[in-house]
Amino acid sequence: MTDSTATRCGYVAIVGRPNVGKSTLLNHILGQKLAITSRKPQTTRHNMLGIKTEGAIQAIYVDTPGMHKSNEKALNRYMNKTASAALKDVDVVIFVVDRTKWTDEDQLVLERVQYVQGPVILAINKTDRIEDKAELMPHLTWLQEQLPNAEIVPVSAQQGHNLEALEGLIAKHLPENDHFFPEDQITDRSSRFLAAELVREKIMRQLGAELPYQITVEIEEFKQQGKTLHIHALIIVERDGQKKIIIGDKGERIKRIGMEARKDMELLFDSKVMLNLWVKVKGGWSDDERALRSLGYGDL
């Protein structure tokens with residue numbers, strides 16, 4: 001029997017295929033926007049910690065890139081390696097799946113999760129959209145057969161439905177430990193990293209079907225001057241055509257990207273923000289391991 005008053009702290013990996021709701025789930029658990037989201041697969045590229053401290057419990061969530069089948073480019077290999085690494089040395093794994101849809105990429109994640117030694121929680125997302133819950137049963141039964149030791153929790157990452165039950169299960173599995181981070185810290189990532197991610201999110205949301213995935217963002221300046229935070233961001237693409245798409249007709253699109261990113265930055269950093277954006281062509285960066293490392297993508 002666990003001691004409900006004990007101080008507990010541990011790492012919780014959130015894994016799943018691309019675009020299944022992992023980052024949205026993390027944001028709702030934290031009660032604020034930390035991880036960027038869009039309707040496009042592979043929005044998340046890096047592991048990022050989201051830290052939630054409530055009383056004696058500190059859960060350190062690891063938001064991961066969606067595992068996907070393509071290893072075509074160095075960037076794809078980096079994301080898959082990053083997501084797989086998150087399954088090691090964590091105390092709990094949350095495997096996020098769709099309420100009924102199952103893909104080859106879900107199967108890929110399942111095959112990795114089946115080797116996990118510790119507690120696994122299956123978070124069945126978007127269950128609020130099903131009126132007749134009996135429709136879920138065949139899928140849930142099959143999932144339970146694949147992961148017989150996993151606990152199953154139906155949730156809605158978008159609406160925040162049933163997250164209390166999910167967090168209760170997580171807390172139960174965290175080891176007794178002193179807290180690793182101060183109570184008011186919510187992430188391990190720098191403000192520069194968060195600013196770059198916000199710009200990239202707005203690009204992904206603005207471009208829709210025109211979206212070139214070969215885009216990254218580098219913060220060249222991040223400086224507080226008086227009451228204003230000055231941020232210079234460089235948007236890196238692979239081709240001249242992509243540069244033209246991002247800039248848009250008479251610069252209208254990049255202006256919208258900047259306005260939306262600035263609004264979110266002012267909320268996140270609690271400061272007036274002066275944001276300047278530039279676009280640069282760096283051919284083949286997404287398949288160049290040296291370039292990826294220089295842009296903060298770590299070891300491949």
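Note: Cβ is positioned from N, Cα and C throughout, glycine not excepted.
What Swiss-Prot says about this protein:
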- 16-23, 63-67, 125-128: GTP binding site (BINDING)
- 8-176: domain 'Era-type G' (DOMAIN)
- 199-283: domain 'KH type-2' (DOMAIN)
- 16-23: region 'G1' (REGION)
- 42-46: region 'G2' (REGION)
- 63-66: region 'G3' (REGION)
- 125-128: region 'G4' (REGION)
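Mapped onto this structure are the features recorded in Swiss-Prot.
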{"residue": "GLY16", "record": "GTP binding site", "Cβ neighbours (10 Å)": "25"}
{"residue": "ASN19", "record": "GTP binding site", "Cβ neighbours (10 Å)": "20"}
{"residue": "LYS22", "record": "GTP binding site", "Cβ neighbours (10 Å)": "30"}
{"residue": "THR64", "record": "GTP binding site", "Cβ neighbours (10 Å)": "26"}
{"residue": "THR127", "record": "GTP binding site", "Cβ neighbours (10 Å)": "21"}
Restricted to the region 'G2' (42-46), the mean pLDDT of the model is 54
Local backbone state of THR127 (GTP binding site), from DSSP in three classes: helix
